Structure formats: C-alpha cells, structure tokens
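Enquirer: One structure, pasted below without further comment.
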Amino acid sequence: MAMEPTVKVALGTAAFGIFWVLAVFPAVPFLPIGRTAGSLLGAMLMVLFGVMSADEAYAAVDLPILGLLFGTMVVSVYLERADMFKHLGKLLSWRSQGGKDLLVRTCVVAALASALFTNDTCCVVLTEFILKIARQNNLPPKPFLLALASSANIGSAATPIGNPQNLVIAVQSGISFGQFVFGILPATLVGAVVNAAILLCLYWRHLSDEKCVEVVAPVPTDVVEEEDVTSHRFSPATMSHLRSSHHHQPGSSKLDSLDHHSCCEVYEPVKPVSNGDTKADATVGIHQRRGAAVRVNGVAKDGHQSFRSVEKEVEAMEQWKSTLWKTCVYVITLSMLVALLLGLNMSWSAITAALALIVLDFKDARPCLEKVSYPLLLFFCGMFITVDGFNKTGIPSAFWEFMEPYARIDTPSGTVILALVILLLSNVASNVPTVLLLGARVAASAAAISPAAETNAWLILAWVSTVAGNLSLLGSAANLIVCEQARRSEQYGYTLSFFSHLQFGFPATLIVTGIGLLLIRSN
C-alpha cells in the first residue's frame, strides 16, 4: 500500500498518537478523559481530518467481534451468580499441603479459569482470596500474585474467548474454535508448567511446607475502575451482587426474615369472615395457647415444631430450585462451548447462550445487563475506527514491507524476529491494537508460503501477543487488576511494584514465549 500525501499521513498519525497516549496513560494531566473517551476522540479526529470518510468509519466497526464480546460478558455474569468462581476459590485452599502446593494450585486454577471466563474476570474474582489465604498462612503474597496474573495471561491464550485479542484473531482469521484450541493448547499447557516451575525456583525458600488453613472465599472488594487498566480491559462482572449478603439469591429461604420467636404462637384456620379483610380471610383463626398441640397432616405436633417442619420444607424446595437453576446455567455454558467446538458461528453462539440464560432466569434482566462493560464495547468501536484510519496512512504497510523479508515464519530466525516485533509492539502499543495493525499483513505474508503457514501465523500472533502481557506490569490488564486489587485491599493490602514484577516477568516471558513457538502447529 502506497503512502498517502504528507498532510494526510501527519494528521492520521496525530490522531492515532492521541489515541495511543490516552490508551496507555488515561489520566494524563493535559487531557484526563480516560481510555474509552480517548478512543472515541481518536476515531472522530480520523474523520474530521479527512483521513477516512464517515461511511468508512462505520464500516470499520467489526460487529461480530462486538457481539462475541457482549455474549461472553453476559455468560460470565450468570456463571458468577451460579457460584462458579466461589467453587474455584474453595478449590485453592481445600486440603492444601503447604505453600508450594498452593502456588501450583494458583497457577492451575488461574490458567483454567482464564481460558473459559477471560483473564481479567479471573483476576478480579481471585485476587482478594489469594491475598487472604497467603496472609493467614504466613506466606509472602508476591509469588502468589505473580502466579495469578501470569498464569491467567498464559491460560487465556488457549481459547478464542480467553481475551479480547484472541476474539479479534478468531473472527478475522476465520479459524474454527476447535482448530484454534488444539493448535495452541500444547503451547499453553507447557507454558503454564514452565511458568509455575520458574516461580517455584525463584521463591522456593519463601514457601513453607506446613499445611494451609482452609479459607472461605471472601466477598470481593472494589472492582478496578476503567482508568486503572490498559486498553484491552475485559471485566464483564462488577461483582455488585456479591457485596451485600442481603440480596436475594436463588436458593435463599423466603422465611429467613421472619422472627422465629414470634412464630411460636400457632393459629388454627377457621371459616372466612365477611368483613372484607383478605388477610383475615386467609389466615385468621382461633388463638391457641402457647405449646398447644395441633394436627399437621393428621399427626399431633407441638406448634413450634410444626412451623419448623414447614420452614424446612420451604428451604428444601428453595435449595432444590437453586441447584436446578445453577445446573441449567452450567449446561447452557457447556452447550455454548460445544457449539463453538463444532464450528458454529462464534458470535451468534455466545449471544444465543446469553439470551438463553436471560430467559431461564425468568426475571428482569436489567441488573445483569448493567454489569456488562459497555465502556469496553465503546472503546473497541473507537479503536476499530482509529486503527483502520492509521492503516490508511500507509505507515503500518511501510513498516511491514521493511520487516517482512526478515520475519517470514518459514525459517526459525524469521519466526524469532516476528515474535520479538510482536512482543515489543504489544508492550508499547498494547496487544489489541498490535493485532489489528499486524494481523492481516502477517497472515497475507504467510499465506504466500502455504495455507497451513497462514494458520500458524495467526496462532503465533495470538500466543505471543497474549504472553507478552507478562513482560511488564503495564503489559496486561490482568496484571494491573491484580496490582490494584491487592493495593486496595483493606485487610490484606500488598503493593506489587513495577520492578519486582519485571524481575520475574522479563525472563519468564522470553522463556515461555520461545517454548510456545516450538509447539504451535496448525491441524
């Protein structure tokens, strides 16, 4: 693609530069408007500067990606209501054999949860619990926080729904869900094991062998706000339904609010009276003295015992309904994953599962829909337009034309150079814009080699751009979520510094990325 006129290139670069600054530093003193507004500002400037037309801007918005994002967000909200993440938290401390065992469990649970429920959601839910169990067992929080963030990033690479950049790659490439998973899964499994091994080697002396105390998963504290994460934040659930123990949940007894002491007095139903009092028509009877025997189902029982029996029946019924509802949520989610593995349209599969859960809930869906991260969806809209406008300037094409002879994936040296370019850009410009800028060009270059090479190129882009988030604290939204959640914790607060993360992240990222490149193969 030829370079556009100098004025158009300068204006397009300026618009993209404003977007980039606000995406990486959302609270800059001269324009502290945040990332979402920054992406929309960049999109507007692309049109106002004449880099692209309004129709081209609308066409740049990728609706399938937005639909897939929205569907997975809603599904995550209902999985959270169904206590999926509470069970994952309990799995961490259940019969743990010591600090080393707990560290390995943290890596496994974080990787698995992030692959299915996105890395950011996993970090939002589990950070507070991991801090609590580390503090109560006199273990240093640092290795566990690093394990959570890094394993969540690595695990999210395994599926198209693990993080936003994978969503973009899956939709743009046309690679099926199954082909994506089986192509990148070996790298993810080995990468997660190697990452855990590096953590164990670095912190072996700080981890005791004493059995850990089992800890009940805590109520999450404040969720990290939009300005505290990087541009690719994906945090569908706000956790607000867990902050108050008084909110009604499926399975909670409707009799919990009754005063049990006042229920010791029993009333015997009588014929309705005709005074127009409907409450009296239903329940008024002759007052029996306290402790008098009444007949329930033909059996003489004490009045208080009779009420307790009815209460237990109601509680059992509510518990059964709750269990049935949660089971249905898990079945629908599993059905969505099966549909994705069968190669059905990913966006519509996710939206269908989301609507099925809404209908199954059989109540006003507004509270759940309000937990969807609409600022993220708007951010993606602005980013699609801004990046497409920057592509039209010709600068990304010129950069790739220079790098392409050295970054062809049919040679080991070319693959290494390509990976280094992706690592650098993912930490400088963030991973989603990097994927949008390089994806089509890398794939087209690989397609000239073979169809299998094109698929490998997309998988390499997904793997490297995701693992690149572990390089530094600013490289991934998951890292910042863990850092901010840990810092804000009132009881178990801990500050994970940039340099302490870099000491682990830099070497671990290079090692895990290199091993993964050896294992990625298309099927």
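The backbone N, Cα and C atoms fix where each Cβ goes, and this holds for glycine too.
If you look up TrEMBL, you'll see 7-27, 33-51, 58-79, 102-131, 143-161, 181-204, 327-360, 372-390, 411-429, 460-482, 502-520 marked as transmembrane segment. Per TrEMBL, domain 'Citrate transporter-like' is recorded for 27-468.
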Enquirer: Please identify the stretch among 33-51, 372-390, 411-429, 460-482, 502-520 with the greatest number of Cβ pairs below 8 Å relative to the transmembrane segment (143-161).
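Expert: Most contacts with the transmembrane segment (143-161): 460-482.
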Enquirer: Is the number of Cβ-Cβ pairs under 8 Å between the transmembrane segment (102-131) and the transmembrane segment (411-429) three or more, considering only pairs separated by 6 or more positions?
Expert: no
Enquirer: What same-chain residues lie close to the transmembrane segment (33-51): Cβ under 8 Å, and 6 or more beyond its ends?
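Expert: Here the qualifying positions are 4, 8, 11-12, 14-16, 18-19, 21-23, 26-27, 57, 226-227, 231, 233, 375-376, 378-386, 388-390, 392-393.
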Enquirer: Thinking of Cβ pairs under 8 Å, which stretch from 7-27, 327-360, 372-390, 460-482, 502-520 has the most of them with the transmembrane segment (58-79)?
Expert: 327-360
Enquirer: Which value does the mean pLDDT take for the domain 'Citrate transporter-like' (27-468) in this predicted structure?
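Expert: Averaging the confidence scores along the domain 'Citrate transporter-like' (27-468) gives 79.
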Enquirer: Please work out which recorded stretch in 7-27, 181-204, 411-429, 460-482 has the most C-beta pairs separated by under 8 angstroms from the transmembrane segment (372-390)?
Expert: 7-27
Enquirer: Please report, as numbers and ranges, the same-chain residues at least 6 past the borders of the transmembrane segment (327-360) whose CB is under 8 Å from any CB of it.
Expert: 63-65, 67-68, 70-72, 74-75, 78-79, 81-82, 84, 116, 160-161, 170-171, 176-178, 181, 368
Enquirer: Sequence-remote contacts (6 or more beyond its ends) of the transmembrane segment (460-482), Cβ cut-off under 8 Å?
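Expert: Same-chain contacts beyond the ends: 24, 114, 119-120, 122-124, 127, 145, 148-150, 152-154, 156-157, 162-163, 165-166, 169, 180, 184, 187, 191, 195, 224, 228-230, 232-235, 409, 415, 418-419, 422-423, 426-427, 431, 434-435, 438-439, 442, 496-498, 501-502, 505-506, 508-509, 512-513, 516-517, 520.
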